[in-house]
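Chemist: Pasting in a structure now, in structure tokens, and then I'll have a few things to ask.
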Amino acid sequence: MTFRQYIELLKPRIALMIALTAITGYGAVATKVDPVALLLLTLAMILGSAASAVFNHVWDRDIDRLMRRTSRRPMATGAGTPALGFALAVVLMVAGMALANAAFNWVVALHLFLGGFVYVAIYTVWLKRRHWTNIIIGGAAGSFAVLAGAAAVDQTQWLLPMVLALVLFLWTPSHFWSLAILLADDYRQAGVPMLPVVVGAKRTAWCILANTVILVGASLLPWGLGLLGNVYGFVAAVSGAVLLGFNVVLVRDTSRRWAGWNFAASMPYLLLLFIAVFADKHW
């Protein structure tokens, strides 16, 4: 395998997103930001996320070969062996948990493990090929990253981290179902029961809209409960309204174009919420 293929195995963009999620959990409860702690937390989360990604590559190599988007992945092409992948995944997870425990505490390490367990065992192995609820349950993997970040600072302040974890949990279906509409033919070809394959694009678009309504409501809870201030509340309300606008258009037009726009819009929405948490707490 080439160096580039090893990097692809790690799914670095997802790893970075998980790290940013943990940093947000850290920032939500910290009274001041320790750059060294943030660096160590980032590294631990990247290691844990990368471990889950490698396992996903190994387990899904058969269906990856059937989908245009994933057919060139290293495990799908045979560039890497399952034994190599499993070994790398174990090493990365052990390293991530060891770092989390040494730099912070066992609670951070536990949440790191639980996030990986949900993604690997519950989503990848159990639900992905069996039921359309796969991505709903799998969304809990990101929620554990928020809790890990919070536990790195204080293991007693749980209300705000739990609400933010709920936001992450609700964000995942709205984000991923848009992608699933875009890639419905791929999933159908591979026999993966993503929601658009099961109920069609139109009903999926309605599900996205309904889910986002709940998501935006949940995102306003930190402001409504007085856990965060007006800066966060304003950002959550405006960005939520914009995302809902994209969802409404998707309900009217379920073309690949608007599915792609909805998928793309969900990313800056979450990033803006992350920034707003930090802005409200530390700036």
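Glycine too: its Cβ is placed from the backbone N, Cα and C atoms.
Found this in Swiss-Prot, in case it helps:
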| type | residues | note |
| --- | --- | --- |
| TRANSMEM | 14-34 | transmembrane segment |
| TRANSMEM | 35-55 | transmembrane segment |
| TRANSMEM | 84-104 | transmembrane segment |
| TRANSMEM | 107-127 | transmembrane segment |
| TRANSMEM | 133-153 | transmembrane segment |
| TRANSMEM | 163-183 | transmembrane segment |
| TRANSMEM | 208-228 | transmembrane segment |
| TRANSMEM | 231-251 | transmembrane segment |
| TRANSMEM | 258-278 | transmembrane segment |
Chemist: Give residue numbers and ranges for long-range contacts of the transmembrane segment (163-183): same chain, 6 or more residues beyond its ends, CB-CB under 8 A.
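Modeler: Contacts with the transmembrane segment (163-183): 21, 24-25, 28, 67, 69, 135-136, 138-140, 142-147, 194-197, 201, 204-205, 207-208, 211-212, 214-215, 218-219, 221-222, 225, 227, 243, 247, 250, 254, 256, 259-260, 262-263, 266-267, 269-270, 273, 277.
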Chemist: Should the transmembrane segment (14-34) and the transmembrane segment (258-278) be scored as in contact, given a threshold of at least 3 Cβ pairs under 8 Å and pairs 6 or more apart?
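Modeler: Stretch pair touches.
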Chemist: Under a Cβ pair cut-off of under 8 Å, which of the recorded stretches 35-55, 133-153, 231-251, 258-278 contacts the transmembrane segment (84-104) most often?
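Modeler: Comparing 35-55, 133-153, 231-251, 258-278: 35-55 has the most Cβ pairs near the transmembrane segment (84-104).
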Chemist: Cβ under 8 Å, sequence separation of at least 6 from the ends of the transmembrane segment (231-251): give me the contacting residues as numbers and ranges.
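Modeler: Same-chain contacts beyond the ends: 174, 178, 181, 202, 205-206, 208-209, 212-213, 215-216, 219-220, 222-224, 258-259, 261-262, 265-266, 268-269, 272-273, 275-277, 279-280.
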